[in-house]
Amino acid sequence: MKGELRIDELRGLIRYHDDKYYGNASPEISDYEYDQLMHELLHLEDEHPELIREDSPSRRVGGQPLKEFATIPHTIAMLSLDNTYSYDELRDFDIRVKKLLGREEIEYTVELKIDGVSASLIYHQGEFQQGVTRGNGMEGDDITWNLRTIRSIPLQLNESMDIEVRGEVYMPVKGFEAFNQTRDVPFANPRNAAAGSLHMLDPKQVAKRPLSIFIHSLGNVPNWTIPTQEQSLCKLQGLGLVVNPYHRLCQGIDEVITYCQECEKLRPDLGYEIDGTVVKVNSLEFQKRLGVTSRSPRWAVAYKFTAQQATTILKDIIIQVGRTGALTPVAILEPVELAGVKISRATLHNEDEIKRKDIRINDRVVIERSGDVIPKIVGVLPAAEGRNAPFIFPTTCPECGAMVIRLEGEARSFCSGVNCPAGRQRRIEYFASKGCMNIEGMGTSVVKQLLEEGIIEDIPSIYTLRKNGDSALFLEEKIGRCPHFSKRLCSLEGWGDKSVENLLASIEESTTRSLNRLINSLGIPQVGSKLSTVLAEHFGSMENVSCATQDELLNIPDIGPKTAANIVTFFSQEQTKSLLASLKSLGINGKGKEGAAVPRSRGDEAEFVLTGTLPNLSRAEATEIIQRLGGRTADNVSKKTSALIVGDKPGSKLKKAQQLGIRIILAEEFKEMAMVGIDKNGE
Ligand SMILES: [Zn+2]
């Protein structure tokens, strides 16, 4: 009985602090103290499983990983808003509304437009029941278990009622920056990070992402008696939902414009990204009378802030080599203040971007922050005097001196050095991964540990860890050389002497891998498992592959000229030659049979067809993403097609797909899928 009382008390306390944290943004206890409460609750619930209730705060993370999201139709369409970009356009909106309603003056509410991802939340008798993405507006994905992990979403309302509410899931800027630190492929902005997170299939992973939500409107609520938007927001807050504190009731469009100006000034200090305001007719009765068009409601409009720009001098262009070996040019700027933040660097994306905009050192440039946290260079101002020579993109890696490889059909460049310090850890991880040499137990954290302890320094040194005869002696030797090895490895979760020995055994076992796996494990740019198998079958030995000429490679149907040139460049690097020689001397020559590829039947793969232009994505990039997600592309829609990806100005394929009832994926959704794909690989 005592346990039961304490459980109730703990649940109450945790809800109270959730509310303080999110509702009022004024936490009263530290994160540590909060975790203590949660631990105690989990512990008591373990002891008293009969007292577990679905709305307990401990039940936020309970969902199992999904295979795919179920599709749920929206009872009322989730339309997007029309955008306006100037106060004149806002006045036009006001004139239209007045005319349609036949009134002189309209009362509006103005709210912040949170730069996040829309979601619909359904409560049944006060209990959170289902959460759905906007999707295509008519139907969305069931992301209930992902939303449950967000602490600012109450699992239980203060009133037992049936209600659908809508809101914007977002990632606060601080949380976003910390989270991006942990990623190999950082998200460009908090919005993308929120979208990618919500589309992950494993709620436990979502729970680690710093997501939050603001509720801003009603969905399907049959018996809502409250007459205005402003009062509805109050009511939603009273139910325990988190409503953004910045909203104002405005008499007429002039007051609306004044408040929009105030909101724009709030922007740098909010701690989350907004990209404008939302202006709504306050009376719900008037909203109903105004109705909707096929795309958007007539009673609301978004006012988008102009992008934040400044001019400064480009002092230098440096090249950063990322963990994936990608070379990214970065602009070093004369520091300048932009929307309250001091900016001294901007991204230049890639070589083509610099050429296209003809950006040169010492130019006067316009920089902009628009949603993205990292500013970019919009363009160059005309110069009064002579300019510097055009920037020459390096042909060798600034970190290791290996040749730079530009990918076929892509603007990105990569370092080809297999032992480049920038990409070393990632390359070793890749080498050991499942599809390559499959060294069980040698994941990210272990590789990192072994590198930090100096136990391995490159790929061949993995094989110097093999035990020779007496394993106890081996361990002793290793520990003798590096006293922290055993202790620190054992202190990692799930590690002990036994698992150290298991690791050594799987290293030993990996020496028998087949040639296609060995080729794949080298991480040759744009040579994945499929092409590795083709190369292995065609050339028969590592020696032959590494000596292949461009002409020989071009005889293989799957290989284009750029890829052929890249393969030749890759094998001509000193670092590659030395790696292959070391592996050979250690007996790793790809002569084993283990893991030889079984050709996969094409019927297993999902078939995608593209139509229209995908924003910010070339066909080649889209195709690569599809392949990475385990699918293939086809030119025409047929019954075999799994889904049609629709960009701007789609062609006749769209109609055909609709006739055949084939799944339609919008460009935006596809980008989110692509991000989730990266997540799966990256984590
Ligand atoms: Zn390098």
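Using N, Cα and C of the backbone, Cβ positions are placed for all residues, glycine too.
As the structure is a computational prediction, the values presented were derived from the model and not from experiment.
Of the residues Lys2, Lys304, Lys315, TrEMBL puts just one in the NAD(+) site with Asp31, Tyr32, Glu33, Tyr34, Asp35, Ser80, Leu81, Glu111, Arg134, Glu168, Lys280: Lys304. Among the binding-site residues Lys280, Cys400, Cys415, Cys420, residues whose Cβ is positioned under 6 Å from ligand 1 are identified as Cys400, Cys415, Cys420.
A sphere of 10 angstroms centred on the C-beta of Cys400 (Zn(2+) binding site) encloses 20 other C-beta atoms. Using Cα positions, the member of the binding-site residues Glu33, Asp35, Leu81 nearest to Cys420 (Zn(2+) binding site) is identified as Asp35. In the structure as shown, the Cβ atom of Lys280 (NAD(+) binding site) sits within 10 Å of 24 other Cβ atoms. Cβ-based crowding with a 10 Å cutoff singles out Cys420 as the top-ranked of the binding-site residues Leu81, Cys420. Residue pair Glu33 (NAD(+) binding site) / Lys113 (active site, N6-AMP-lysine intermediate) shows a Cα separation of 33 Å.
For Leu81 (NAD(+) binding site), the nearest neighbour among the listed recorded positions (Lys113, Cys397, Cys400, Cys415), judged by C-alpha distance, is Lys113.
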